[in-house]
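Undergrad: Here it is, the structure in full.
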């Protein structure tokens, strides 16, 4: 690199870091004051300009000089920009981010901190315990600590994807590709795999640490005169055992997936040891690690009934399909039906959510065939073994994942959870595939003719791909979904309402009763709960109910139904009609939510 090029590269990096710094400061100076149905529209445009400039300049630097010392600066710049996006709920001082299950987890975390629950009372306490530790150590609210846990495991994912790729291919360019692949956050699909306090997502990201330790142990080398015991026990294996406890207690479904990975690795090693002993002469045995993980999983599973009930649903669904008594694909049909009803197109949603994922899935399939048929001759023995483990595991896991579309269990979002997990592995394998594809392309006649043009356009094309995935990192009306933002005023409204209400009067609600807020407020009085109030009942509530009811109508309800769901189930006219009815009295209001007493 000439002195002029070096000066230009430094300037680009300086501009990029300044842009993202200004963007973060602008976002921080604009905290959320009320419910935001779209985090994208509510965040200042200066932030998004800063992210765009940072990502584009980082790509220009990395593409121009992938082998120079400046490439590390480009990677750091891109990582900072995307990490800032993933941390937007923290940057913009959200009180909490996550509805439904996340609110229940918030209540459990509060109960752990107040010692009304113990970690053993929860089937997956690791995330909650981590949040409590963050809260105590940093002196922040528990809601903030839970968002910090999400950010922490997101960073773990961004770090360990390239680390895993480095074990497969030692070439620096492959690692650079892996970094930018990780920045796409392909596992996040807004259905069953979400960037919020959702134990399945947290465990899937955290599990990459164990996967890395597993392979580091396997390929750390062994002395021929070393005892059999020392072949199994190393500092890395001890760390693996400690991490096993954390992962199993993060989420059992994820533990099953990683157990398959470790089991496949052990099976491959066993077959190699039997057929070609020389191929595994430099490997440490992985049977011990696999047994430790399996033992921890079985022990934790037997302490709770939820694992058996979920397994029962799975078996029931498969048997129901075989007997013809159940239908398949309920989860997908429900979602496609809702999208169509609000005026969206299935192809439109697929492009937004899964187009880039599909590309990586196809590349992963290509790598699988390349490994099977020996079409990757430059791959080291270590890299080949790791790719076999990852791709053969997908061969085992993918049918299991698709089986979650069968029967009763298809009514859950388990399938989309597992799609997210599969995309973690596809991100690793796909990065390797992209590296070898570019390697092959650079040696062709086409590259000698058009290589310069491709390199010139690569930063812009890559930035567009990153932009496409960033737009679906969080739910928003862009994808026909509302934000998971929970304002402090809304939480406070429910807290106040539960404390002042008549315990004999039931709470009803828009699109569901406030049971999740009951979970999130374990120290508040527990109210009686009714059912969902349908849209047509909102225009004459006293006639619909046979007795008194409490109905909470919040800004969140309005924006969710009117803006995100485009009046699919509730019209704006009916939502606003609540306040103008006789025998419907507003008994509390704090600007974020109104509590009505219906004299039925």
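Cβ coordinates come from backbone N, Cα and C, glycine included.
Sharing the record's features from TrEMBL:
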| type | residues | note |
| --- | --- | --- |
| TRANSMEM | 44-63 | transmembrane segment |
| TRANSMEM | 70-91 | transmembrane segment |
| TRANSMEM | 145-167 | transmembrane segment |
| TRANSMEM | 174-190 | transmembrane segment |
| TRANSMEM | 196-215 | transmembrane segment |
| TRANSMEM | 236-252 | transmembrane segment |
| TRANSMEM | 258-274 | transmembrane segment |
| TRANSMEM | 286-306 | transmembrane segment |
| TRANSMEM | 354-374 | transmembrane segment |
| TRANSMEM | 386-409 | transmembrane segment |
| TRANSMEM | 415-438 | transmembrane segment |
| TRANSMEM | 450-474 | transmembrane segment |
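Relative to the rest of the structure, where do these features sit?
TA: Residues 79, 82-83, 86-87, 89-90, 94, 96-98, 102, 105-106, 109, 127, 130-132, 134-135, 138, 174-175, 177-179, 181-183, 185, 187, 195-197, 201-202, 205-206, 208-209, 211-212, 215-216, 219, 382-383, 386, 424, 427-428, 431-432 of the same chain, all 6+ positions outside the transmembrane segment (145-167), place their C-beta atoms under 8 angstroms from a C-beta of that stretch.
Long-range Cβ contacts of the transmembrane segment (196-215) within its own chain (Cβ-Cβ under 8 Å, at least 6 residues beyond either end) map to 97-98, 101-102, 105-106, 124, 126-127, 131, 146-147, 149-150, 153-154, 156-157, 160-161, 163-164, 167, 187-188, 236-237, 239-240, 243-244, 246-247, 250-251, 253-255, 257-258, 261-262, 265, 286, 289, 293, 386, 389, 417, 420-421, 424, 484.
With a cut-off of 8 Å between Cβ atoms, the residues of this chain six or more beyond the transmembrane segment (236-252) that come close are 119, 123-127, 199-200, 202-204, 206-207, 209-210, 213-214, 216-217, 220, 258, 288-289, 292-293, 296-297, 300-301, 304, 306-307.
Long-range contacts of the transmembrane segment (286-306) within the same chain: residues 120, 123, 210, 214, 217-218, 232-233, 237, 240-241, 244-245, 248-249, 252, 255-256, 258-259, 262-263, 265-266, 269-270, each at least 6 residues beyond the stretch ends and with a Cβ under 8 Å from a Cβ of the stretch.
With a cut-off of 8 Å between Cβ atoms, the residues of this chain six or more beyond the transmembrane segment (415-438) that come close are 157, 161-162, 164-165, 168-169, 171, 173-174, 177-178, 181-182, 184, 186-189, 191-193, 200-201, 204-205, 208, 253-254, 257, 331-332, 357, 359-361, 363-364, 366-368, 370, 376, 378, 383, 387, 390-391, 393-394, 397-398, 400-402, 404-405.
Same-chain residues lying 6+ beyond the ends of the transmembrane segment (450-474) with a Cβ under 8 Å from its Cβ atoms: 39-40, 51-52, 55-56, 59-60, 63-64, 82, 85-86, 88, 180, 183-186, 188-190, 195, 352-353, 355-356, 442, 483-484.
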Undergrad: State the residues, same chain only, that lie 6 or more residues beyond the ends of the transmembrane segment (354-374) and have a CB under 8 A from a CB inside it; answer 'none' if no residue qualifies.
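TA: Distant contacts of the transmembrane segment (354-374): 181, 184, 186, 189, 384, 387-388, 391, 394-395, 422-423, 425-427, 429-430, 432-434, 436-437, 465, 468-469.
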Undergrad: Let me spell it out: take the transmembrane segment (258-274), skip the flanking residues so only those 6+ beyond its ends count, and list any with a Cβ under 8 Å from a Cβ in it.
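TA: Distal contacts: 207, 210-211, 214, 218, 247, 280, 283, 285-287, 289-290, 293-294, 297, 385, 388-390, 392-393, 396-397, 400.
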